[in-house]
Amino acid sequence: MPELPEVETTRRGLAPHLQGRRVHGVILRRADLRWPIPPEVAELLPGQRIEDIRRRAKYLLLDTAIGSAVLHLGMSGSLRVLPGDTPLRAHDHVDISLDNGRLLRFNDPRRFGSLLWQPAGEVHPLLQGLGPEPLDDAFDGDYLFARSRGRSAPVKTFLMDQAVVVGVGNIYAAESLFKAGISPLREAGKISRERYQRLADAVKEILGYAITRGGTTLRDFISPDGAPGYFEQELLVYGRDGLPCPNCGRALKHATIGQRASVWCSHCQR
């Protein structure tokens, strides 16, 4: 599933092609995505100028004066800006045509993505109750320490809770905990403020670097220009169970934590 760096890579790739453009029309070939596409998307979006394209957590918002189209890539979704006469491929579910003859095409083989509508001045229910962005100043060791008090869940589960912090999925949680030297099994409420500061710093560093590398291509993610993400080539623990730890050489451990595959070094991470 695309995580924060992949979604941010998508946003940055789309922004120069969408900002300031006016929507000419919307074609919905399949409306039965993870949630049905509401009729407001096709009824209200045509004629509107795209003022901005923003990211909140793993959602992309195409802002107009009357509201925002809210997009989620799901497990396998992709967004591409293409010439208006580009032939259809399998799973091309939505076209948003623009005033310059080009179009924004949403392709989603597994149909776990979504396209929703948020009226101006409102916050869509899916965006309510979300934690801070991990790259914002509000996300630091003090914040994590305060939020973790009384929490008995493993720290990896805690870190992946979208109400705690958004956009830190399985890949980047594993890599951040490794860099911070914290076992993913450690009880969240028993980690010191100092160790949480190391973890917050690791999350910021790893996510920031992954964005510069275009995200991680494991199965389905391709950026808007068709390029894969290259951070996969630099993963230190994720997907490497049984292989030597890059720090100490001991075999990396594997377990299921919170129903997610987890890999770590039991020697370097305590």
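In case you wondered, yes, glycine gets a Cβ from its N, Cα and C as well.
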96-130, 201-235, 236-270 - the one Swiss-Prot records as zinc finger: 236-270
Integer Cα-Cα distance in angstrom, LYS58 (active site, proton donor) to PRO2 (active site, schiff-base intermediate with DNA): 8
Helix, strand and coil totals (DSSP H, G, I; E, B; other) for the zinc finger (236-270): 0 helix, 12 strand, 23 coil
Packing count at ARG151 (DNA binding site) (other Cβ atoms within 10 Å of its Cβ): 17
Alpha-carbon distance [HIS91 (DNA binding site); PRO2 (active site, schiff-base intermediate with DNA)] in Å: 18
